[in-house]
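So the structure is just underneath, and the comments pick up after that.
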Ligand SMILES: C[S@@+](CC[C@H](N)C(=O)[O-])C[C@H]1O[C@@H](n2cnc3c(N)ncnc32)[C@H](O)[C@@H]1O
């Protein structure tokens, strides 16, 4: 799979998020400055993105509250993610929030931050009086960092995170939102193992396809392949069990996984009621199929026993 096809997956995700935000599924005043408006998306796609972003953000909030924000967040393959701004607006600013992606992606994101004051001002405000440094497709500030690295090269990842000065004894959350599946399994395993064995208190959140072995899964993989986007890491996406196993066999102490329909149903009932009235959906089957084929898996290693095991969804 060419790297161009990998970058394109970010544009696709960002456009879908922008469209769902426009429809009122959740609030994000920042995404409009990062990606142009795309085509209309079907209601089940919007609900899928709602469950994905709200589900992950719910776990991130639990981690930030548990650690009183004295923590580090590493967003692996962050693309045009806006969680730095959104969580900061909620008063949940981590000591360190670092994003990694390919240079072609970080370069565009840095350019947009530099040229759009609505993005730059909050970064500057959390930084101090010296100007935020944006150069060589990277951003450096007190709390927020954007660095480029090809995560298939673990040495490069370590070097870049070393430059940020990550503290391996500080609670650290790794987020990989629809990213590992684009990496060959041996490479994503090395990354997962590095994260799971080098930090004394760490949590990893992973949003990815699941149940790729069934008929619908085969069609999904085939459709992506036709768009020159092979899912190099699809082997780990066979079931919730294989999702958990990738963490448990790579140094993590405990793991859990839920399909997206279960995540969706566990989100606050009043908000579900609100979003279910946004768009009419004549059939439930497409939503069910989509939600059955994505999941959130999460894993923890908690040498210092700060309570990471308690993070999860109400079932
Ligand atoms: C589907 S997008 C998801 C972006 C973001 N996490 C989100 O969910 O909105 C996948 C992202 O992973 C990045 N990515 C994939 N493989 C990568 C690699 N080997 N090194 C760095 N970034 C990678 C892509 O460039 C892209 O931004």
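Using N, Cα and C of the backbone, Cβ positions are placed for all residues, glycine too.
Keep in mind that TrEMBL annotations are predicted by a computer and have not been checked by a curator.
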Per TrEMBL, 52, 77 bind S-adenosyl-L-methionine; matching candidate in 177, 208, 222, 235: 177
For residue 52 (S-adenosyl-L-methionine binding site), the three-state class that DSSP assigns: helix
Taking residues 52, 77, 177, which bind S-adenosyl-L-methionine in the record, the widest Cα spacing (Å, whole number): 16
For the S-adenosyl-L-methionine site built from 52, 77, 177, further residues of that chain with CB within 8 A of the site's CB center: 13, 56, 79, 81, 175, 176, 178, 179, 207
Cβ neighbours within the same chain of residue 177 (S-adenosyl-L-methionine binding site) - under 8 Å, at least six residues apart: 52, 56, 75, 77, 81, 205, 206, 207
